[in-house]
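To start, I am sharing the structure in question, which I have written as structure tokens.
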Amino acid sequence: MALSFFSPPAPPIHRITCQALSVAVPSVAVEVAPLPVNPNSSFSCALNCTHFQSCSGCTQEYNLHHPVVIDEAIGFFDKLGIKDFSFDSCRLWGWRCRAKLAVRGSSTNPLIGLYEEGTHNVVDIPDCKSHHPNINAAVQLLKKGIIELNVEPYDEDQGTGDLRYVQIAVTTHDTSLPIPERYKNGKVQVSLVWNSRSENSANTGKLNALANFLWGNGGPKRKVHLIHSVWANFQTSSNNIIFGNRWRHLLGERDFWEHIGGIDVSLAPSSFGQANTRAFDSLLRKLQKYVPQGASVVDLYAGAGVIGLSLAVSRKCRSIKCVEVNKESRQSFEKTVERLPTNVESNISWHHADASIEPTSWLLGSDVVVVDPPRKGLNPSLVKELRHISAVELRTSKRPEKVKDEKRPWILRAREDSIQIENTTVHEENHSLPQTLIYISCGWESFKEDCSSLLASKEWHLHKAHGFNFFPGTQSIEILAVFKRGRGASTKKKKLGKKQKRPH
């Protein structure tokens with residue numbers, strides 16, 4: 001499928017990497033200027049989805065390779081002196097490998113999809129172009145099971161029914177297949193969110209019957225092995241929270257693996273996982289280049305520690321410290337560590353803690369800090385600490401060598417809930433504070449605020465910036481920004497300007 005690009009000669013040139021085909025093809029790097037959204041010139045990069053007008057998932061129908069917001073991003077970084085900002089448009093169709101879908105309608109006509117914009121009316125999306133094709137296949141199989149077994153979809157008004165939501169995740173890590181065939185043959189983990197308190201409730205007979213139906217019709221004994229596993233989550237709350245706290249593995253493989261950033265990653269259905277695994281892998285490969293070999297790294301908002309652990313392997317880091325507030329990520333972290341290569345010599349730890357509480361305790365002893373916050377951006381306390389990092393450095397240098405932990409209960413709690421993997425290699429103790437800040441952002445507006453705040457402090461300067469199209473068809477972009485300590489080139493320019501103003 002050919003790409004159509006319109007390239008006016010005047011604006012500055014930036015690099016956009018575009019994958020336009022829905023089958024596995026190599027990326028094609030094209031240097032282009034900011035592109036206008038022009039339906040007539042970009043049918044080859046059009047969504048072509050029958051659900052576009054009614055579904056709230058996508059907001060851009062044409063020029064999927066170039067979200068409208070990217071022009072703003074190019075201008076923003078250009079003003080900050082980043083002339084080589086790059087944007088990887090990634091895979092444009094069939095990219096979503098993780099979907100949470102509402103189940104409504106009736107047992108004879110189930111609707112599985114997303115809410116219509118501004119309502120709680122579910123739009124059925126059986127042919128979603130963003131979904132990995134096997135998510136759509138699993139949805140069709142689930143609908144068939146609902147109809148045959150008379151499973152009642154959830155009724156929000158009455159609080160009745162059996163099946164509230166379904167989460168479908170695709171694993172493309174099948175080492176028995178050649179690498180080019182793994183993506184299209186991905187298997188799906190199905191998590192059924194059941195409207196009951198536990199597996200002992202009265203309606204769980206239908207839950208087991210539905211799980212057996214999915215496994216019997218999509219499991220390993222079928223010609224097409226579609227289903228990786230079936231899980232149940234139990235939720236009776238009337239709020240908008242999808243998952244309850246109780247999970248049960250019903251059928252299939254318990255462990256769900258993906259290969260991202262050069263390592264095998266375990267993802268439990270309860271832990272956070274990137275929807276666009278290929279784009280995330282591209283971002284990690286780029287990120288790794290900005291971490292010095294043998295560095296000490298602290299990974300804040302770490303989730304299951306994918307970023308930190310990939311750096312332990314790729315950059316042979318001296319130490320990796322992962323900090324995450326969601327305790328559900330711990331199990332995935334432990335399993336991922338078990339599959340790391342035996343030659344990894346990093347001291348690795350994972351801490352169940354809120355990094356916004358006394359951030360210095362986490363930053364201390366690290367050369368590089370990686371932050372991957374939610375859409376709202378960095379916590380104000382962490383921004384404040386980073387903005388005054390020189391003062392923090394001075395303050396910590398005057399501290400006694402030993403601080404009584406009992407005076408800091410949050411440190412004690414984090415220690416109790418932590419995992420420590422010590423290495424036999426002895427490393428010299430490091431009391432420094434980070435010289436490099438790597439910011440991964442999924443919220444463009446919050447990133448602009450955080451970036452401007454950090455730069456205004458004169459403690460950091462922006463070194464590099466890259467964009468990734470994690471959600472084609474939307475106005476959401478992922479940003480990878482690298483900040484360095486010190487005032488950098490901007491200070492030199494100011495000093496030069498002052499010298500030129502001196503009288504002769």
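Positions of Cβ are set from backbone N, Cα and C atoms, glycine also.
Heads up, TrEMBL stuff is auto-annotated, nobody curated it.
Heads up, here are the entries from TrEMBL:
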ACT_SITE  CYS442  active site, nucleophile
BINDING   GLN274, TYR301, GLU324, ASP372  S-adenosyl-L-methionine binding site
Per residue, counting other C-beta atoms within 10 angstroms of the C-beta, which of the binding-site residues GLU324, ASP372 reaches the highest number?
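The largest 10 Å Cβ neighbour count belongs to GLU324.
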What other residues of this chain sit with their CB within 8 A of the center of the CB atoms of GLN274, TYR301, GLU324, ASP372, the recorded S-adenosyl-L-methionine site?
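Near the S-adenosyl-L-methionine site, the remaining chain residues are PHE272, ASP299, ALA302, GLY303, VAL306, ILE307, PRO373, ILE440.
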Whole number in angstrom, please: the longest C-alpha to C-alpha distance across GLN274, TYR301, GLU324, ASP372 for S-adenosyl-L-methionine.
16
Just to confirm: which same-chain residues, 6+ apart in sequence, have a Cβ under 8 Å from the Cβ of CYS442 (active site, nucleophile)?
PRO374, ARG375, PHE470, SER476, GLU478
Just counting, how many other CB atoms are there within 10 A of the CB of GLN274 (S-adenosyl-L-methionine binding site)?
22
Check each residue in the chain of TYR301 (S-adenosyl-L-methionine binding site) that is at least six apart in sequence and keep those whose C-beta is under 8 Å from its C-beta; list them in sequence order.
VAL323, GLU324, VAL325, ALA355, VAL371, ASP372, PRO373, PRO374
